[in-house]
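K.L.:
TrEMBL feature annotations, pasted as is:
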type     : residues                                                       : note
BINDING  : Gly213, Gly214, Pro215, Gly216, Thr217, Gly218, Lys219, Thr220 : ATP binding site
COMPBIAS : 15-26                                                          : compositional bias 'Basic and acidic residues'
DOMAIN   : 192-545                                                        : domain 'UvrD-like helicase ATP-binding'
REGION   : 1-27                                                           : region 'Disordered'
Amino acid sequence: MSRSPSSTPAGPAHPADDPLARERSHLSASRAALRAMREDVEALDISDVTANWVNAQILARQIDERIKALADFEDTPLFFGRLDYLHAPGADQAEGASGERFYIGRRHVHDAHGDPMVIDWRAPVSQPFYRASRKDPMGLVLRRRFGYEGGNLTAYEDEHLSDPAETATAGRLLQQEIERPRVGPMRDIVATIQPEQDEIVRSDLSGTLCVQGGPGTGKTAVGLHRVAYLLYAHRERLARTGTLVIGPNRSFLRYIEQVLPALGELTVRQATVDDLVAHVEVRGTDDTAAAVVKGDARMAEVLRRALYSHVTMPTEPVVVTRGSRRWRIPAYELEDIVRELLDRDIRYDAAREALPQRIAHAVLVRMERAGEAPDDRVQDAVARNAAVKAAVKAIWPPVEPAKLVLRLLTDGDFLAEHAEGILTEEEQKAILWAKPVRSVRSAKWSAADAVLIDEAADLIERTPSLGHVVLDEAQDLSPMQYRAVGRRCTTGSATVLGDLAQGTTPWATRTWEEALAHLGKPDAAIEELTAGFRVPTDVITYASRLLPHIAPGLTPVASIRENPGFFEVRSIAGDDGVVAACEELLRREGSVALIAADPRVPALAEALTAAGVPYLSPGEETTAKVRLTLVPASLAKGLEYDYVVLDEPRAVVDAEPDERTGLRRLYVSLTRAVSGLIVTHTAPLPPQLS
Ligand SMILES: Nc1ncnc2c1ncn2[C@@H]1O[C@H](COP(=O)(O)OP(=O)(O)OP(=O)(O)O)[C@@H](O)[C@H]1O
């Protein structure tokens, strides 16, 4: 590997001989070209091309979005790499096939002649930037990485991939990028995606992929870059069908929300599972026993049975009077029609809508036999006939999903009838509401109830499917929640990201195979990421002591950070010691979190306030003045900070209903720090840590 003079600006006297100066001039030229591209769009006059106001609005919005997508952010490098190919890549390559040298960046930039100045990192021609190796140079002679300070290009680093004399070393620029202190929300990793991550990012849209990875292995980053990649590779299809990123809670979504826009993707919806199933207002909570039963996949069958119990076999004939004639469809024939509809794989409402037409058809057959020649209009009229309507209402009445669930949860006999042989009596008792509830509106629905309503709604009417769904922190979902996500990608695919060791719900996934089956994607490939980009070696080694107790069989994360970080377990006398540890870490650069068991948070908030140390809540953006976030352990998942003070491990474990969940919560809390961790305690540490 050869290196530039790093950040020393001094170079040869003539800029033309100085490679760094040449690269800088390509950067300025690319910036100018991007500006010109933006100005071209801004100058578009649409007054002549749009016939009406609505079209003009749509076009204006598209132009607006395009202008936004063409923005040049001063401190974001426009390109971060360069590839010199031995030969021009095949003439069939989509972008820039004519040249042998390509600059790789966040977006495509071309000059006034349409020749590429910067190639989108997602283009096929860019792939060797992430994948080429000495073993397989992929046609490259040179891979160059650029170092920036703010928006200024200050360094570069070369790999001559086909030069046998050059030895492979971990690049310093790459390492620097990985070790950069964290400030504010999550940022993209587009300049440093690693080969095993790139394989996930670029894997095909058609298949579902599940990624098991320990803390800080880049699952979230990979999932977000995968969306950006898929939107590039399948722009039209996904614009039609839509993409969705699902995260565990609001603060997590706020933490990741800027990554996709920074990659130029402004249209991806980000939501929690609760958002997806928000059919009712959630104001209640379940005890664990109830939540476990409600989240169990067997509930789907209970709901199905309860719904279809509304279908009543006809006992009376339908008699349709038209003019002077009466047409009679006997009960046994109606029954055949109903049975045939029940056997078909269609939703409850689709069958309900088909029923009047089927009955009308039976009437028409009789009319024809009697020598009449009825047409489609007659069939429609018969289907709307009062007698037919009344029969349909009696046989296949409309059902409201929330009312169905309400009845199951409040009417013990109704529940018993449909849960017979599926749920035990005890399980039924666990989910029955103690007090009667009058209406859907007055019910205190829980999050698990909303998922049941979503299941019922889907039994009645098919939920539309998106093109691709990324499901992060997937290990925590209940089987019923997996089903809710799965029905949103029945005709699309999913990327499932998670860590079995970080499962902290009572229903947390035991195996990915099981989870994928509930999701409806049993054939998904399962990949594992084990290189850790976040947590320093000493810290991850300490946290990994818990692995045999929380997820035996999982591979511990191997930290690839060179910076050894800073790690201390400190016995203290009281909350003053916690505040002191925070103040100590605040003297360093970067973000600081105080993570504590949820019940400890109020006392610590008071201690910080008393000491005059300002702090934020998770999801609030840090400022130069306030860099400390007080994080309840229950919200720490998925987040990261430069420095962490972890308060009282024993309390973190004890705050959970059982020890294994407690230890998993502790594992999550211990693995949030990038540069350093202080564990403070007054009580003895959990023995599993020793
Ligand atoms: N290839 C990479 N280059 C630079 N930074 C990376 C790379 N991959 C991951 N990171 C960084 O490592 C940190 C951890 O990544 P991320 O949050 O995606 O991990 P995770 O596996 O989702 O962790 P957790 O299980 O704790 O949620 C992030 O700051 C991310 O930007």
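Glycine residues also receive a Cβ, built from the backbone N, Cα and C atoms like all the rest.
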K.L.:
Over the span of the compositional bias 'Basic and acidic residues' (15-26), count residues by DSSP class, listing helix, strand and coil in order.
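P.N.:
Its residues divide into 11 helix, 0 strand, 1 coil.
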K.L.:
Cβ within 8 Å of the ATP site's Cβ centroid: which residues qualify beyond Gly213, Gly214, Pro215, Gly216, Thr217, Gly218, Lys219, Thr220?
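P.N.:
Those within range, site residues removed, are Asp499, Leu529, Gly532, Phe533, Arg534, Val557.
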K.L.:
Express the predicted model's confidence over the domain 'UvrD-like helicase ATP-binding' (192-545) as a mean pLDDT, rounded to an integer.
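P.N.:
Averaged over the domain 'UvrD-like helicase ATP-binding' (192-545), the predicted model reaches a pLDDT of 95.
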